[in-house]
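I have placed the structure first, in the form of structure tokens, so that the comments after it can refer back to it.
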Amino acid sequence: MTPQETIRALAAHVKAAVYPNLGTWRARKVTGTASSGDATFDIDDIAEAAVEQFLHEHNVNVAYYSEDRGLVHPFPDRSPEGILIIDPIDGTRSAIAGLEACVVSVAWADYCEAPTLSDVRYAAIAEIKGSYLFSAERGGGACILNEAGQQVLPTLSPTTEVANMAWTLEVVGAPLDLVFRAVSDMASQTTLKGGFFILNSSAYELTRLLTGQLAGVVDVRNRLLKDFPQTREAFVRYGGGRPLSLYGYDVAAAALIAQEAGCVLSDAWGRSLADWKLLDTTEANFGSLIAASNPTLHTRLLEAVEEGFARLRREGLNR
């Protein structure tokens, strides 16, 4: 199999293993803590086992990194042909509740000591409850396949007005009062003609840009933490003992897919994501995200975030 065929098949295999456990009592059992500090559930363990099974059964000569296991070399006596960045379930909380906002995310990157987003060559994301399979090759565009294997064309939202956009905000482990204050004007504008959602699955959310269901995806947690270091204590409290944020592996596949489809992505300061390390979950490598279905909307989202943080500085955190 080619790298693209391999990761598509792997995503489908993990989906098949996970699907029967969606929304079950077993899926809800907390079994540990991931390398990122996030909680892991029984359904995560099922997905991880499916990854190992697939790689060994198909003799796929790669190393792989996952949130729960860290970096794994299934064949330690070989030189890997690449490294897979795998989130077996992005959107675990949706999965254990039986909701739709959960996907299997797989990216194939060049094998090197510290791969970054720019090293990702292929990407595949499978909906767990749905039937769509999203994939991309760097420089080769993105595609969507339905259950019959037929290609579905991406449909990016043409809206350029913040008030008319449907968008999501990431909030896990963050002091919600401060996050909401930073984006309150933007959120308030969209509640009538657009739509404001919290789905807790960055990979799922970015694929919704390709289906036209969303026009924007925003994560400003790390900007709040960096611009206002005094919030760290609150991040530690709500993160279960350590700060949580967006990690490179969260969007390793989804970022390539969205960009190859024509979406515009940056961090919450407007900077490129290209050098974001994929295997580093330390606080120094925390990330943020502003993603939009078109350049004009992306510019307006950045402006809205800038205005929100300027207002937060003027008013102070303890108004």
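Cβ coordinates come from backbone N, Cα and C, glycine included.
Take the Mg(2+) 1 site that TrEMBL assigns to E67, D87, I89: the candidate from D185, D219, D227, D250 listed for it is D250.
Neighbour count (other Cβ atoms within 10 Å of the Cβ, all protein chains): 30 for D87 (Mg(2+) 1 binding site). Summarising the environment of E67 (Mg(2+) 1 binding site), the number of other Cβ atoms within 10 Å of its Cβ, over all protein chains shown, is 24.
Taking a C-beta cut-off of under 8 angstroms and a sequence separation of 6 or more, D250 (Mg(2+) 1 binding site) has the following same-chain neighbours: D87, D90, S105, S202, A203, G287. All protein chains considered, the CB of I89 (Mg(2+) 1 binding site) has 31 other CB atoms within 10 Å.
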